[in-house]
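Undergrad: The structure's right below; bear with me while I get my questions together.
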């Protein structure tokens with residue numbers, strides 16, 4: 001057994017007792033928020049007469065985390081924007097924002113609109129910081145073959161970095177820093193609200209009703225998140241991780257943070273709870289099979305999961321047996337929570353876990369045989385499912401409404417191309433962030449190491465190549481996102497949101513494993529309310 005020393009939980013049972021200081025004001029905040037929602041709705045309807053105002057208002061509501069209150073109004077406005085030519089096509093800010101919002105909402109618009117902003121030598125002609133930001137963000141909803149958007153990213157990034165050398169207005173400087181760190185399309189929506197509320201509060205043209213509603217909306221959501229954290233922490237404590245599973249990553253709060261990053265709206269509370277539990281259980285499986293167990297023990301656990309029956313626990317060593325039985329019990333309890341009309345969905349939780357375990361077994365076999373996949377594609381075919389991202393995304397669908405049908409789950413079980421793009425993005429990001437740690441722990445060959453061995457490169461060179469492949473996978477995802485299907489758009493939107501969480505968690509390091517790197521942001525999301533004044 002090769003047990004890697006993971007740091008202990010940073011939160012323990014903190015959320016069992018914690019209540020945000022805003023809790024006593026919940027009733028008043030709810031009443032005030034309802035009044036403001038209608039006031040903002042009137043503002044949104046009034047903006048329909050002018051495309052630029054409509055675009056500005058939509059992007060503001062999205063960034064402040066308010067757009068889910070106005071889904072129908074925003075969809076109607078964007079249909080009008082899509083069909084109308086009544087806008088200034090010489091204004092790069094407007095053209096970029098229009099392009100970004102339409103693509104984000106699934107409308108197919110051509111990137112050729114940006115060629116008119118280049119001179120005879122093919123260089124972009126723009127030096128206004130606001131326009132640069134808009135173009136940079138628009139370029140990241142690119143697909144394959146859109147050379148003009150690839151060039152726009154290179155150009156605008158260089159210009160934005162240079163702009164920080166000159167004095168900028170505080171709100172604009174904050175925007176540039178935020179954008180260079182992560183383009184708008186890839187940011188977690190709930191964290192974007194936390195970051196953008198203070199920026200919006202500095203803007204001269206801010207709408208005070210929208211600003212107040214954004215603060216109330218976040219504080220009310222935070223109360224719901226804390227209730228969920230109490231529930232999942234108490235559930236997690238029953239496993240007695242510190243004593244029985246001391247070798248695993250004890251990360252229940254981080255699991256919930258991850259799920260909230262992908263499904264932040266209040267109506268998805270059950271979805272977050274189920275997905276958080278599944279993420280925690282998948283983490284235990286991963287650490288058992290990848291890091292701690294012997295090959296024989298790992299294969300016994302895999303066999304027990306294939307069988308999915310209590311009697312199979314007799315196959316297992318003591319430290320696996322209790323976990324296995326708790327896994328079965330948890331899936332059964334999820335069925336009870338879902339009720340008779342939706343309990344069938346737990347079948348798909350089981351099937352997704354079996355796929356995960358099958359892939360992990362293959363990786364163990366590779367490790368034991370010192371086998372290196374011949375290509376990155378071969379590697380991803382097996383290692384994509386084992387990163388767990390798609391299983392977690394599917395577990396979030398289990399707790400969602402009736403728009404997610406049995407046919408939806410059957411389709412997801414075929415691992416459609418959109419699912420593969422999520423798995424590839426997550427695996428490549430994970431490997432880039434985790435390679436050095438896992439190499440030292442004697443684990444299976446990552447995509448980074450696979451590339452190094454096949455091409456004779458350094459680790460840094462291989463990481464750069466893997467980053468290029470990650471960008472290609474984002475382009476794959478965008479193309480598939482824009483392709484109409486018979487399945488609810490919510491599925492594609494949520495899968496993209498899970499890709500965003502992977503980008504956040506693995507941007508600089510493995511933030512899930514080394515969770516002190518995200519502790520401050522977890523506190524901002526779950527512990528610290530936003531001041532109304």
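The backbone N, Cα and C atoms fix where each Cβ goes, and this holds for glycine too.
Small disclaimer: the values here were computed from a predicted structure and weren't measured.
Summarising the annotation, Swiss-Prot assigns motif 'DDXXD motif' to 286-290. What Swiss-Prot records for 286, 290, 427, 430 is substrate binding site. Annotation source Swiss-Prot lists Mg(2+) 1 binding site at 286, 290. Swiss-Prot lists 286, 290 with the feature Mg(2+) 2 binding site, giving similarity to another entry as the kind of evidence. For 430, 438, the entry in Swiss-Prot reads Mg(2+) 3 binding site, with the evidence type similarity to another entry.
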Undergrad: Over all shown protein chains, what is the count of other CB atoms within 10 A of the CB belonging to residue 286 (substrate binding site)?
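TA: Result for residue 286 (substrate binding site): 17 neighbouring Cβ atoms inside 10 Å.
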Undergrad: Given the binding-site residues 427, 430, which one's Cβ is surrounded by the fewest other Cβ atoms within 10 Å?
TA: 430
Undergrad: Average pLDDT across the motif 'DDXXD motif' (286-290)?
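TA: Here the predicted model's pLDDT, averaged over the motif 'DDXXD motif' (286-290), is 93.
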Undergrad: List, in sequence order, the residues of the same chain other than 286, 290, 427, 430 whose Cβ lies within 8 Å of the centroid of the Cβ atoms of the recorded substrate site.
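TA: These residues sit around the substrate site: 383, 386, 387, 388, 434.
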Undergrad: Per DSSP, what is the residue tally for the motif 'DDXXD motif' (286-290) in helix, strand and coil?
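TA: Once the DSSP states are binned, the motif 'DDXXD motif' (286-290) shows 5 helix, 0 strand, 0 coil.
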Undergrad: State, in Å as a whole number, the widest CA to CA span among the substrate-binding residues 286, 290, 427, 430 given in the record.
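TA: Answer in Å: the longest Cα-Cα distance is 15.
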